[in-house]
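Have a look at the structure below before the remarks.
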Amino acid sequence: MQDFLWENQSSVSEFILLGFSKDSQINAILFNIFLFLYLSTLVGNGLIVTIIHLDSRLHTPMYFFLSVLSLLDMSYVTTTVPQMLVHLVCQKKTISYVGCVAQMYIFLVLGITEGWLFSVMAYDRYVAICYPLRYKVIMSPWLCGAMVVFFYTVFTVRLPYCGPNEINHFFCEVPAVLKLACADTSLNDQVDFILGFILLLVPLFFILASYIRIFATILRIRSAQGRLKAFSTCASHITVVTMFCGPAMFMYMNPGANASPERDKKLALFYNVISAFLNPIIYSLRNKDVKRAFLKLTGWGRTTE
């Protein structure tokens, strides 16, 4: 496989990631901001995983999926942010050809897995609310998604890259890399759109279908307090799905010719860095079980029990 990659790279052996700015002062400010976001993401999501593991009352399918989401978020940002931080403070901003391919593949696999995880979490809420006496969860076949992403990545690296080698992005994302290919990429843009439809809209369809049934069930609850309680269990999930899927859909389903590099970087920051940073905050602030488990873990809640 490695020989295949090197054989198809033409004259390019490495790429230069332009990042956000050439101004060293701006980069220093961005370094501090992104370092804070990255460390906070690791601490926040790591705390969620630890709390769920240690508190037996949270050993349910919903919290199992929440812990998987936290692990994915930590892996997701680690694929891109550490390299971005290094490039913000160093003069050399290069990444090898093979490293770029690996980053594209890992980023896409984690992203697609997170998208399908959201659909599984929606189904989990659907079963819990609509069929509470038959509360079972069926896992999604993530392996199929990984195989499609492999095809997607190979389809991109098979294009000839004979210069220039400057990627106007802070990491190797497929739409940004495609702009450097010295060949017609219209077919790749079509594949981009089709796979975006399959890998983003299909999970979103399952999410919407689950919530249509959920809301129909909630509206049949006579008690206003009961309706509010049932809806509150879904509010966090709806929020994080919107933050992740909205920007990702706009990025991968927009034709390459109409894409703006600066806009793409902002979108990528939102669904890669910002959403991973906010997810544990959203779930912990709106979830009494998580807050109670946190207080128990730290010892602050002993006086109230």
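Residue numbering: from 1, along the chain as shown.
Cβ coordinates come from backbone N, Cα and C, glycine included.
For reference, TrEMBL has these:
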| type | residues | note |
| --- | --- | --- |
| DOMAIN | 44-283 | domain 'G-protein coupled receptors family 1 profile' |
| TRANSMEM | 29-52 | transmembrane segment |
| TRANSMEM | 64-85 | transmembrane segment |
| TRANSMEM | 105-123 | transmembrane segment |
| TRANSMEM | 135-155 | transmembrane segment |
| TRANSMEM | 193-216 | transmembrane segment |
| TRANSMEM | 228-253 | transmembrane segment |
| TRANSMEM | 268-285 | transmembrane segment |
Stretch in 29-52, 64-85, 268-285 most in contact with the transmembrane segment (228-253), if contact is a CB pair under 8 A: 268-285
Per-region confidence, the domain 'G-protein coupled receptors family 1 profile' (44-283) (mean pLDDT, whole number): 76
Remote residues contacting the transmembrane segment (29-52) - C-beta distance under 8 A, at least 6 residues beyond either end: 20-21, 58-59, 63-64, 66-67, 70-71, 73-74, 77-78, 81-82, 84-85, 88-89, 273-274, 276-277, 279-281, 283-284, 290, 293-294, 297
